[in-house]
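These notes concern the structure reproduced below.
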Ligand SMILES: Nc1ncnc2c1ncn2[C@@H]1O[C@H](COP(=O)(O)OP(=O)(O)O)[C@@H](O)[C@H]1O
Ligand SMILES: Nc1nc2c(ncn2[C@H]2C[C@H](O)[C@@H](COP(=O)(O)O)O2)c(=O)[nH]1
């Protein structure tokens with residue numbers, strides 16, 4: 001049983017690569033609750049009021065997914081639970097949470113992490129982090145088109161996104177819950193370019209082989225058809 005988690009900023013390509021990778025490896029994809037998330041639009045409309053509620057909502061849904069993913073067979077998750085604190089800490093740092101909310105959040109997070117440690121499989125087998133620049137992030141957010149994520153929706157989003165990117169570098173460097181690897185999301189268009197998709201999948205397969213999660217002679221010759 002192999003569990004792979006994706007990480008990276010908003011619009012980096014996590015959900016897209018989760019779909020591609022799970023199809024390629026014949027595993028099950030787990031997607032974060034976004035389009036069915038009732039709190040997300042409220043948060044973007046009034047971040048200070050809804051930052052804590054959104055975080056509890058995400059933490060709860062991530063906990064559900066990770067529990068299921070760590071007990072079922074091979075899986076790919078489109079965001080790691082380890083990024084949860086990164087988001088809330090950043091929101092707290094810009095005054096979107098009270099000290100009581102911060103304290104309560106960390107207590108809840110520690111409690112949940114304690115539960116995960118008691119599971120037969122405690123950590124994912126591999127973290128695949130997608131690196132993107134600010135320009136790429138914005139292009140992808142525009143391409144995806146969720147209205148409340150657009151820079152035109154709120155003039156403070158530019159700072160919010162730049163800050164988010166600046167939190168990811170130290171977060172990735174510190175991450176030590178499993179082996180990890182980076183994908184260059186600026187360079188590889190794994191959605192439109194078949195060649196790029198192959199390169200990215202080869203990088204992930206090579207890493208899985210090097211950590212003993214795929215047999216050295218594993219090969220997949222089937223083409224994957226990407227739905228636009
Ligand atoms: N490597 C890539 N090259 C070009 N477009 C991409 C790439 N990855 C994702 N996209 C596009 O960018 C948008 C955001 O991708 P998505 O997978 O939803 O990102 P995330 O899940 O990280 O927020 C989508 O429209 C997707 O088609
Ligand atoms: N405040 C938080 N926002 C979060 C968190 N996780 C995701 N999000 C937001 C960011 C995007 O608008 C949307 C989906 O994220 P993608 O990276 O999948 O595009 O949800 C969080 O923990 N806190």
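A Cβ is built for glycine as well, from the same backbone N, Cα and C atoms used for every other residue.
Curation does not apply to TrEMBL; its annotations are automatic.
What TrEMBL lists as domain 'Deoxynucleoside kinase' is 4-204.
The ATP binding site feature in TrEMBL is assigned to 8, 9, 10, 11, 12, 13, 14, 15, 16, 140, 141, 142, 143, 144. Residue environment of residue 10 (ATP binding site) contains 19 other Cβ atoms, counted within 10 Å of its Cβ in all protein chains. According to DSSP, residue 10 (ATP binding site) sits in a coil region rather than a helix or strand.
Residues or ranges marked as substrate binding site in TrEMBL: 32, 44, 55, 79, 84, 149. Same-chain residues at least 6 positions away in sequence with a Cβ under 8 Å from that of residue 44 (substrate binding site) are, in sequence order, 148, 149, 153, 154.
Annotation source TrEMBL lists active site, proton acceptor at 78. If you take the C-beta of residue 78 (active site, proton acceptor) and look for same-chain residues 6 or more apart in sequence within under 8 angstroms, you find 6, 14, 15, 18, 29, 30, 31, 32.
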- Fewest other C-beta atoms within 10 angstroms, as judged across 16, 55, which are the binding-site residues: 16
- Query: Among the binding-site residues listed here (55, 79, 84), which has the Cα closest to the Cα of residue 10 (ATP binding site)?
  - Reply: 79
- Given the binding-site residues 14, 79, 143, and counting only Cβ atoms in the protein chains shown, which has the most within 10 Å of its Cβ? 14
- Query: Considering only the binding-site residues 55, 79, 84, which residue has the minimal Cα-Cα separation from residue 143 (ATP binding site)?
  - Reply: 79
